[in-house]
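**Q** Below you will find the structure I want to go over with you.
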Amino acid sequence: MAVIKKGARRKDVKEPKKRSAKIKKATFDANKKKEVGVSDLTLLSKISDESINENLKKRFKNGIIYTYIGHVLISVNPFRDLGIYTNAVLESYKGKNRLEVPPHVFAIAESMYYNLKSYNENQCVIISGESGAGKTEAAKRIMQYIAAASNSHSESIGKIKDMVLATNPLLESFGCAKTLRNNNSSRHGKYLEIKFNSQFEPCAGNITNYLLEKQRVVSQIKNERNFHIFYQFTKGASDTYRQMFGVQMPEQYIYTAAAGCTTADTIDDVKDYEGTLEAMRTIGLVQEEQDQIFRMLAAILWIGNISFIENEEGNAQVGDTSVTDFVAYLLQVDASLLVKCLVERIMQTSHGMKRGSVYHVPLNPVQATAVRDALAKAIYNNLFDWIVDRVNVSLQAFPGADKSIGILDIYGFEIFEHNSFEQICINYVNEKLQQIFIQLTLKAEQETYEREKIKWTPIKYFDNKVVCDLIEAKNPPGILAAMNDSIATAHADSNAADQAFAQRLNLFNSNPYFELRANKFVIKHYAGDVTYDINGITDKNKDQLQKDLIELIGTTTNTFLSTIFPDDVDKDSKRRPPTAGDKIIKSANELVETLSKAEPSYIRTIKPNQTKSPNDYDDHQVLHQVKYLGLQENVRIRRAGFAYRQTFEKFVERFYLLSPDCSYAGDYTWDGDTLEAVKLILRDAMIPEKEFQLGVTSVFIKTPESLFALEDMRDKYWYNMAARIQRAWRRFLQRRIDAAIKIQRTIREKKGGNKYVKLRDYGTKLLAGKKERRSMSLLGYRAFMGDYLSCNESKTKGSYIRRQVGIKDKVVFSIKGECLHSKFGRSAQRLKKVFILTKKTFYIIGQTREQNAMKYTQDYKIDVGKIKQVSLTNLQDDWMGVILVNSTQPDPLINTPFKTELMTRLKKLNEKIMIKVGPTIEYHKQPNKLHTVRSKISDSAPKYGDIYKSSTIYVRRGHPANSKSNKKPKNPGGLSGKPIKSKKSKHKSTHKHTHSHRSHRDAAKKQPLPSQKPVNPLSLAATAAQAAYNPKPDKTVPIKSSAIPAAKVSSKHSSKPSSKEKVAVKKASSSHKSSSAKQNQVSMPPSKGVEKNKEPLKETTATANIPIPPPPPPMGQPKDPKFEAAYDFPGSGSSSELPLKKGDIVFISRDEPSGWSLAKLLDGSKEGWVPTAYMTPYKDTRNTVPVAATGAVNDVTNQKSSQIDNTISSAQEGVQFGSATVGPTSDNQSNPVGTFSDGLASALAARANKMRAESADDDDNDDGDDDDDW
């Protein structure tokens, strides 16, 4: 079912604004940015990495950072604030599909939230890209949009949204740091799930943490920084914290100052510290918990300041015990035990199943420093995990979670000069994300097409599964498994473990994506080749504290420290604890499983340069990212694939409302196969066949525009149904109102007459016998309506003129005309003017064209009370002089076809105005200078105009001055004059009845409607048709037995016509002349069918004695030629025009030099002006038939009517005018139908003569029902 269109409505029915289907006025949007490049890379004319890069560069240079590849968003980091995340921008994306608005991260968020509500499926967004490309910012903006879009007045819902938003500044402070590439680089990965209740309001959340970069706590590359929280804390700590925890500035700590960078551009550490505290309060961290968090941070910073020196024996010794004492105070452990754990390592030997000896092995300064750093990293890592768990506790406080939207913000691909274990883990996770992208977009899409037997051309792409297996595989072992084996073999010596690992790497030399070098190895990732250092890599993989450090923490009296280290040391356990590599593999696989359960969206971020400059665009660097992100392959598959796919069942469940065969009043009514239901939905929604394919179990829609059309139709379904009911009800009410108004108007006219006609008659009396009259002024439909320019209405030309001139009073008369403008030494000029009359003032308005627009100015503003006289000639011209009282202005001499009405209304408003009619018009051409204009009859003057030259008006002779206006013709259709046609609904009820509905509809079209009122038949053919249905004997004619017996006629043709029999007859238009001897041209409007209460012919004696009357004179040929419309002429809406359709046949009575012709319909019902160029002479190729017989009987639908038609034609052809007997030719005499026609024509001829004579005395003008403008 397509979108239901609203039918035409009456203009006088006021509708609510919100329901208006009116097209909004087009306006220029000055804020709209010019489109640069293409907004969707699938629209590129040439698909290549270079063309993609060039398009991204164009948009970046113009401040446009977002581009689509289908439903995948490409984001280029602008390194500046573009002002595109304001509330106003956010609101503009609500409820819009991605094609209605420019590409934006808000559009992806809106699509996710809409799909969550519409399909009740979990959603997730995978944000990928290298470090510094803008992944964290994109995640924040998605959270911002979802929180704003899911508006709720519930206090609990509002609180959970605040908590979700507060996780951003909190986790950024503890998990992000400044790097060489990015000032806010995520040094951990997180997957945030926002959970929604059944009303799709956020009610809970959960955060999963992935691989915090612990090494950054103790060391950073030069010009990089530690985690943000350390600089925030040291710069913004309160005096209380400084006294309790000995907080110093960041330059005083080794962990924050060693890299030589304690500040960063665009970062305000003190302000961010306040934001972190506010986030803690929002999430629900009490003050005691906050104190303990900052106590641990202070302990970590002071642990970094512990230094070691070498004693006489070459072993490590604490350089300053005051530092260790303060650390022991912060950790609430024994100071001597702390020092012992830092400079010694406990070694335990075993003999079989028995425990061996325990040795205290002293450490050298390098080893002691490593132990110190291990303790700091362990405390920070466990503190971060505790914060994430604590946030989850707060986010899970509200039950009712049903579905979720997941946001993955994880570290990007990294390639440094020296890459170690952290980089291999980070790059491995990015490989897994790339694998998901390939599986869910490229590979899965092509496999789906093959499985569903969809026509498809396979496209080659790089599947990085081989690289993932190289790192994570167990059998055969991958790189991380080989590293675990090396640690197990040489667990006591890190150097030995590194050498063992290097030897095991020889197993991978046959792998094309691996290369071994001296103390290094290379992995060929999808993003590029990365070289990793072997030295120290196995020690980082151990990810465990020495047992003596764990035992040290177990002795603390600080309950918070005990809480973040919950596991006790199992001294008897022989099982190898999981390494960092094991944990990251497990986390990555769990992440893949979680993402696979949700409907994914993708954001691919690109970093334009390494300098973090808003103006630089490194083509080489971006081109490299375009290649390893696989954007070209993505574009190719997107252009060849389908934008949407869904199983038949879910598609029908979603869109069954769009087909009337599948639904009724919102209920699903289809009981057939779901595949057939899908076909019905697509058919009724008018989706082209090229836009979709039907697979084995699913339907595939090619373009997103088709999907958006389906969604839009579904959204409007209930509105359309409600609008349909409202439309029907309003139509019923309006018909009732219209009927009441027509009854009231008719009653008022019967009692008191029509006020407009009364005003016309009053004006006629004012000029009675004084001024010749024009033809148009005599029409019965002419009435003094007044406001012909519709100045009192809104949105009309008249109202526009009224506003421009500044007229505020109600307008009683308005019309266009001309005014004589005199120039010194030159002939007077006729200028177009507009005349507007109010109750007090008469305005003459001039018009000029300026800058291709019409401008109206006030020429005269005349007080009606200051008009002394109105002067007119006694001929039929339209000139009129307005004589003013003691005016300093010249008297206006105006020309308007409605001069009589203007004069009448002026007289009504001011009874003192004198009306002077004579052969001349006298007016003041200049103040106190009387000028005379003569009038003269001239045959060379235009038929409907005049010529003004040298103060003389030349005009043709008009109708006599004492001519009276014709009576208003009666409407042929009762009150309204038009039948009320019932509108058939276009809505199909069911598929089963479609054919029957169509056949009924076609049959109805073949049935012509009867006219509303029978008319007097004046022609022989019309009389015969009328008599065939409803013959009546003429009581004034003596009856004789010489006529053909009517019993034969009655026996064959006296039955009543059925309701489906329709007959149209013609009537002759009456002449203005009273001569009854002249035969006039016959015009035939539609005649009403015979009424049911009419009696059929009866056999009577009187009928048998009807004499044969004398035959009428021969029918005259048509006076006016016939013309055929060659084109459609809808008209401009003026009542003087006659709208035509191509092929319509009319009479042309006269042609004007202006290019217009006066045309009349064949039935004489309407007359008006048509363009001469639109008309061509009509060539009648049918057999020659008398004009009166043409169209006498139309659209008969049964055999009986057909016989009547043949009878009439036979009667007309057989009449021998001027003879005593009337009958057909000899060939027809043997035909029984001919016998009927002979008698019928003879019997009705006399009746026709009498009626023709009576109609000649009737001087009513029934020419059309136009509102002629004279």
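Each Cβ is built from the backbone N, Cα and C atoms, and glycine gets one as well.
In case it helps, Swiss-Prot gives these features for our protein:
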| type | residues | note |
| --- | --- | --- |
| COMPBIAS | 1066-1078 | compositional bias 'Low complexity' |
| COMPBIAS | 1089-1098 | compositional bias 'Basic and acidic residues' |
| COMPBIAS | 1107-1116 | compositional bias 'Pro residues' |
| COMPBIAS | 1256-1270 | compositional bias 'Acidic residues' |
| DOMAIN | 36-715 | domain 'Myosin motor' |
| DOMAIN | 719-739 | domain 'IQ 1' |
| DOMAIN | 740-765 | domain 'IQ 2' |
| DOMAIN | 771-961 | domain 'TH1' |
| DOMAIN | 1118-1180 | domain 'SH3' |
| MOD_RES | SER357 | phosphoserine |
| REGION | 404-486 | region 'Actin-binding' |
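Any idea what these are sitting next to in the structure?
**A** Note on the domain 'IQ 1' (719-739): DSSP counts are 21 helix, 0 strand, 0 coil.
DSSP assignment over the domain 'IQ 2' (740-765) gives 24 helix, 0 strand, 2 coil.
With DSSP classes pooled into helix, strand and coil, the tally for the domain 'SH3' (1118-1180) is 3 helix, 28 strand, 32 coil.
Other C-beta atoms found within 10 angstroms of the C-beta of SER357 (phosphoserine) number 9, with every protein chain shown included. Taken residue by residue with DSSP, SER357 (phosphoserine) is part of a strand.
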**Q** Counting by DSSP, what is the helix, strand and coil composition of the region 'Actin-binding' (404-486)?
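**A** Its residues divide into 47 helix, 7 strand, 29 coil.
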**Q** For the domain 'IQ 1' (719-739), what's the mean pLDDT in this predicted model?
**A** 92
